[in-house]
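Only one structure is covered here, and it is reproduced in the block below.
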């Protein structure tokens, strides 16, 4: 096929217009998300830490804890490896700062002793100067461990939103009527898209958190922008090659992402078939094969680095989450969960705009292709929602990779609606109220709601001379070494919740799964019985050392720790009475949440202390 020169020129005009209108947006996005990330100091779900920061910390610093997924090779290491790199850079910075300060402080101490050789004060000052490098280096390393991943995620988040806005511009320019005055409306839709993405409640709450779903959304937004929306004209371009790479990389990390690209690939193939361009179809699938091979090899190398063997976590992920019933171990939601809960929460105040954009007639399609960009996007969204609704285990974040397309239809809906609403200038004076309220709510939740489980790990890091710490609460209720960052604690443990992996492949797995209980289940089914069975009994004559270290006593799964950390719900229900005369005292109480969907996590965090 000979590419139409007019079509090619139009594509170049589209790219030029997009560059012009987005040149100043990226710094705004970065600045906004940096503030967003630094304000985020609350807990949402365990995967934010245990599937990204914890394996990275384990690899970079040589200590920590890995969940069962990493022990059986269910997860790809590609996303955590980014944070390992960040951690290693932090280590280098800490070492460099220590060396630089050591030289400076040594010179200062030497001069002090040289000038005042008989002074006790000078000797003490010189001694104190020599301790500064170690203390400063440890401080630099700890703050780097906490905040460097946040800043990195802010940069990634801004990148994802930047390409989302460019995608919206690109699709808009490819679908508007040729008779429209494009540039004024392009400016308007750019402003609308920027407003929608920055003030979206779920974006502010979620996008800078270290979830694989955030990374998946960012990869998806880059791939969608570089996708061939022209019906085949751009297949031979570098841009389309980039799209394939980022799309396939996203699919390897999260196989469910493939639904997006199967639909788009189907429409691209159909458009080429309708034009009878069989040569280009051959080139398309040849390029797909080559890019897939390269992408898979890159990921295999990354996973080999972590697992020390050639492994394909993507297949184990599919087996556990899609072809077995074990994913239901983590909860089952009704079929309408995403329709009635995920979409309203993810879209927020832009939900009416999205619905309007979804059901609006498609604009005139350029390049005379049968299935235009908007029609394809609507199919992608509908089929993905159907697919995710079919899965029994559902979470809001599973559909987060669709956020660029949600934003696209919302922005187009807002642009169309703005032209039809009367007294628009009057409404314009008040339209900022709803986005502002959305941001206020998100700031409150990211700053306060469930902040205690993060703060307690920071407090433990700063505590001196810790012998042992135990968390008696639902499993993975806190981060681990990614916030504690200490390798000098003799015993550090928490209640576990291992899934029944022995049921994989069993015919009666669905029946046995219903009766399976993990350690957390046993704890809350019978708190008194669990404590008495798994911990040594207190007696008035015993101190902590006798209870935990007497070899003649029967051994228990858990020992009573120096620091015992529980939720207020457990304290009120059992622990406050049981620990009377045990030697434990309430050491601290940290605010965690005003209310919680999980009653086991209600209230503040209670820290008990007993000196060994």
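Positions of Cβ are set from backbone N, Cα and C atoms, glycine also.
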**Request:** With Swiss-Prot as the source, identify the stretch among 314-334, 398-418, 461-481, 482-502 annotated transmembrane segment.
**Result:** 398-418
**Asked** Pick from 61-81, 124-144, 145-165: which stretch is listed in Swiss-Prot under transmembrane segment?
**Response** 145-165
**Complete:** Of 233-253, 254-274, 506-526, the range Swiss-Prot tags as transmembrane segment is 254-274
**Request:** Match it up for me: which of 339-359, 528-548, 549-569 does Swiss-Prot list as transmembrane segment?
**Result:** 339-359
**Message:** According to Swiss-Prot, transmembrane segment applies to one of these ranges: 35-55, 371-391. Which one is it?
**Reply:** 371-391
**Request:** Would you please say which range out of 92-112, 575-595 has the annotation transmembrane segment in Swiss-Prot?
**Result:** 92-112
**Message:** Please report, as numbers and ranges, the same-chain residues at least 6 past the borders of the transmembrane segment (192-212) whose CB is under 8 Å from any CB of it.
**Reply:** 25, 28-29, 32-33, 36-37, 40, 44-45, 47-49, 51-53, 79, 83, 149-150, 153-154, 157, 160-161, 164-165, 168-169, 253-254, 345-350, 353, 396-397, 400, 403, 407-408, 410-411, 414-415, 435-436, 438-439, 441-443, 445-446
**Message:** Below 8 angstroms Cβ to Cβ, which residues of this chain, lying six or more residues outside the transmembrane segment (92-112), approach it?
**Reply:** 122, 125-127, 129-130, 132-134, 136-138, 140-141, 144
**Complete:** Same-chain residues at least 6 beyond the ends of the transmembrane segment (339-359) with CB under 8 Å of its CB atoms are 196, 200-202, 378, 381, 385, 389, 394, 396, 398-400, 403, 406-414, 416-417, 434-435, 437-438
**Asked** Near the Cβ of residue 361 (N-linked glycosylation site), how many other Cβ atoms are there if near means within 10 Å?
**Response** 7
**Asked** Taking Cα atoms as reference points, which of the glycosylation sites 188, 508, 526 is nearest to residue 361 (N-linked glycosylation site)?
**Response** 188
**Which same-chain residues, if any, lie at least 6 apart from residue 508 (N-linked glycosylation site) yet have Cβ under 8 Å of it** = none
**Complete:** Same-chain residues at least 6 beyond the ends of the transmembrane segment (288-308) with CB under 8 Å of its CB atoms are 55, 59, 73, 76-78, 80-81, 241, 244-245, 248-249, 252, 265
**Recorded stretch that, among 145-165, 254-274, 398-418, has the most CB pairs under 8 Å to the transmembrane segment (371-391)** = 254-274
**Request:** Take the C-alpha atoms of residue 188 (N-linked glycosylation site) and residue 321 (N-linked glycosylation site) and report the distance between them in angstrom, rounded.
**Result:** 42
